[in-house]
Amino acid sequence: MLKFLARGTALAAMIATSSLAHAETLKMWGPEQITEPLVAQLWNGIKADFERANPDVTVEFMPPTGTISNGAVQAAIQSDAGPDVILTNSGIGRISVVKNAKQVMPLTEQYEKRGWKDQIYPWLYTELKGQFGGEIYEVPDGLDALGIWYHKDIFAQAGWKIPATWAEFETLMKAIEETGLQPIAIGPRTPGSAGHLFGNLLQSASGKEVIGKALRREVAFDDPSIAAGAVRLQKLVEAGYIKKEMAGLDLDGASRLWFNKRAAMFVAGPWFTANARKAGYDLANAGYAPMPSDIKGAAIPTGGVGWSWLVPVNSKQPELAMKWIDFMLSDAVMKKRAQDPASTMIYPREIPGVEPPTPVLKDIFAAAAGGVGYNPSVYLPGTVLDTYFQVIQGLISGQIGGEDGMKQLQAKMAEAK
Amino acid sequence: MAGHTGGLSARMSKGRAAGAALPEGSPNDDARTAFWLVAPALALYAVFTLLPIAATFWLSFNSSAGFNTSASFVGVGNYAKAAQDPIVWKSLVHTFAWLAYHVVMAGGLGLLLALAVSRLRITQVFFRTAFFLPHLVSLAVVGVIWANIYDPFFGLLNTALTQIGLGAFTQGWLSDPALVLFSVNVASSWQGFGLYMLLFIAGLQNIDHSLYDAAEVDGANAFQKLIYVTLPGLREVMTFVISLAMINGLKGFATVFVMTNGGPFYQSELITTYIYRLAFQSQDHGLAAVLCILLSLLAIVITIVFNRWRARLSQ
């Protein structure tokens, strides 16, 4: 009996050892709303598909507790017990932070070797190649398109519509304010939310081309042609169309104001559908329109790369991480995600024949079809971002004027590499 | 090492066998034994405290964009950069204000509630427990709770003020530059006062009751008893609570990080939050290291000044 037990134990140990030798675990950071049942269902399905295709691999999700903007991604990588592959909010500003700290791998070679180059829009590839002297550190997963969300029922009842010009937009905000509603909500305690509205105002006042030049340092941020957007925010606050109290709100607080119909408008991207679902908001009632502008062609959503895949330099499974990205870029997964009710973004390449799961997403895709402008939150250098967000808070809380704010931003820009 | 420990155990068993105290060895033997006894603790202290301090010093003289990056020596460059950075000065002033608020609000509330509760007979345990409960909640959770209480549109505070006809007093608690640091500190103090209250209650129980009887015989009223008997009797506890509150105040981070992230426009930035911002968000480890050293110096200076004041007080 003892002999039998000993042999059995030895055999079990051998099996365990041999399976351990082959088993691989891929630790994956993200996606953001993984705790939401609908999102979890989609991602668990993707995980199951990947594990089926790679029988010796187990994918382990690490629910994210932050982003590059608040340092959580950096801390996770630095811990050396972090993820093998990361899906996070991106854009050159954020990527430059982890790239400068040498926390993420360059992926340029993989773009050629694995054909990723042909799996994203050609213009997107060109843009990525131009950011860090030809080296690419991210694989875009989703693009953002930020514009005005409004309540269709409130607007229809009052006979309002999002106008074409800025002057008319100010008149609209005055009319909304007189009804006791907050014209527009913003939660600048969350960096992203601060940048969404402010980026829209900058583009509306200066136009896409000028903002692009400022981001490429061809025009200074304190030049009147750029500072005009900041002055516009200052005036909205002074007129009471944006309440100073909003400087104390975060994205959730500002969203709550909009979802409860205490605010008429909110600036957000396609990802706001996830927040709406979570809040139980009827997405059929959500309207979307770009920020009005007096400049021809400037009334388009702002945007840029919203989410990207990154591979930490201390990834325990770098080869597997690349395999995972291959899988995510495949037609099957891309289609599955785009058609799923949990879909919340514009994908990095055209997916023919895919019907967006919600009407508001359809509106956003239509508005973004002609291209998107620049959301400075994802284009500014990482070391400038904090000043950018704080200046927005300063403008909303009435601590600084638009011109002063942009001077501070330019000073930081001059310091940045 | 084995020889030394063997020697020690042999001597201990010899002493035990004789039923006497440990036999006295030569001073050298004792020193060696003591060294080996404290060696593990010393090693841990060196690895987890001294080494990081040394690394922070080293980092403060280097320019480093993050981990895994070869640092380059910049001399006192980071120190000069810190001196010229207006946010460093702002966060320094805020840190002092934060300390003062915390000592007064958390310590003061702890004292007041201790005085109120200590005389209760039947319900004392209930109130002690109830008031201590916030201390069990993590500061991050406290931050989330209070951020919602302060919400200018849906928050409990502004809603309650409006409901009772004091709508004129509603505020942007986290957006008003003059209020934000105080507002966040209220949340932090709310979490901390329970511990101080318990310490004061313990102090109150140690005051000799005959002093109150004597004061009563002398015709002292309640206020006079508080001034001439209670407060002097709490002097030792008070200095302990103040030093504890100062240490907790210097460590202030979580509530600010959760509730304002240092904003709006740096109006609630503390040295600790700025360190985090520099080290983990901007990856400027050199400047962050300088601020760590500044914070340590601040703690040392405050401790020395406070201890001198305490010594003078007890003379």
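Residue numbers in this text run from 1 along the chain shown.
The backbone N, Cα and C atoms fix where each Cβ goes, and this holds for glycine too.
Some features that TrEMBL has for this protein:
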- B:92-306: domain 'ABC transmembrane type-1' (DOMAIN)
- B:34-59: transmembrane segment (TRANSMEM)
- B:96-117: transmembrane segment (TRANSMEM)
- B:129-149: transmembrane segment (TRANSMEM)
- B:179-202: transmembrane segment (TRANSMEM)
- B:237-259: transmembrane segment (TRANSMEM)
- B:286-306: transmembrane segment (TRANSMEM)
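Beyond its flanks by at least six residues, the transmembrane segment (B:237-259) meets 95, 98-99, 101-103, 106-107, 110-111, 138-140, 142-144, 146-147, 150, 174, 184-185, 187-188, 191-192, 195-196, 199-200, 202-203, 231, 268-270, 272-273, 276, 295, 298-299, 302-303, 306, 310, 313 of its own chain at Cβ-Cβ distances under 8 Å. Ranking B:34-59, B:96-117, B:129-149, B:286-306 by CB pairs under 8 A with the transmembrane segment (B:179-202) puts B:96-117 at the top. Listed as Cβ neighbours of the transmembrane segment (B:96-117) (distance under 8 Å, sequence separation of 6 or more from its ends, same chain) are residues 124, 127-128, 131, 181-182, 185-186, 188-189, 192-201, 203-204, 226, 230, 234, 238, 241-242, 245-246, 248-250, 252, 270, 302.
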